[in-house]
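Student: Here it is: the structure, laid out below.
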Amino acid sequence: MNVSQVVTMRFIALMANLVLFISFLWKRDFVKWCLPLEHNDIGYTRKDTEMIIGFSISLILLFIEILGFATGVTLFFPLQQLFSLTAHAIGCISIIYLVTEVWSCTAFWWIFAFCNVLPAIAESALFFRTFILKVPL
């Protein structure tokens with residue numbers, strides 16, 4: 001597998017995550033499924049707000065990664081490309097499985113931490129290294 005294939009697959013994984021997050025923010029029917037059968041409106045509103053916040057933060061972190069991808073900063077770091085590709089591919093599969101099979105809103109936060117926060121931190125660290133510390137590529 002050469003670098004151009006990894007770049008292409010990373011772009012596809014980033015866009016797949018973007019489409020998933022926007023879709024789930026737009027239509028949030030799965031929130032009802034992850035609540036107990038005996039729930040009230042306050043519980044639903046609280047869980048719905050929690051999921052809106054989670055998906056919104058996920059979108060922000062995803063835009064940080066898309067910015068790094070679009071500027072080309074991380075194109076010279078194959079390990080970051082592979083890490084981002086793997087995390088987002090696993091994240092897409094996990095989110096789809098979560099919404100279609102598991103219906104557990106608490107599992108979202110584990111997926112969020114490992115598949116969104118860690119790649120965004122790595123991307124931000126490379127941004128910091130390149131633009132603030134001015135370390136040559």
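Positions of Cβ are set from backbone N, Cα and C atoms, glycine also.
Because TrEMBL annotations are produced automatically, they should be read as predictions rather than curated entries.
Pulled from TrEMBL, these are the listed features:
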TRANSMEM  6-26  transmembrane segment
TRANSMEM  52-76  transmembrane segment
TRANSMEM  82-100  transmembrane segment
TRANSMEM  107-128  transmembrane segment
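Are these features on the surface or tucked inside, and what are their neighbours?
Tutor: Long-range contacts of the transmembrane segment (52-76) within its own chain (CB-CB distance under 8 A, at least 6 residues past either end) are made by residues 3, 7, 10-11, 14, 17-18, 21-22, 24-25, 28, 84, 108-109, 112, 116-117, 119-120, 123-124, 126-127, 130-131, 137.
The list of residues near the transmembrane segment (82-100) in space but at least 6 beyond its ends in sequence, with Cβ under 8 angstroms from a Cβ of it, reads 6, 9-10, 13-14, 16-17, 20, 24, 30, 65, 69, 74, 107-108, 111, 114-116, 118-119, 122-123.
When Cβ-Cβ distances below 8 Å are used as the criterion, the transmembrane segment (107-128) is approached by residues 17, 51, 54, 57-58, 61-62, 64-65, 68, 73-74, 77, 80, 83-84, 87-88, 90-91, 94-95, 98 of the same chain, each at least six residues removed from its ends.
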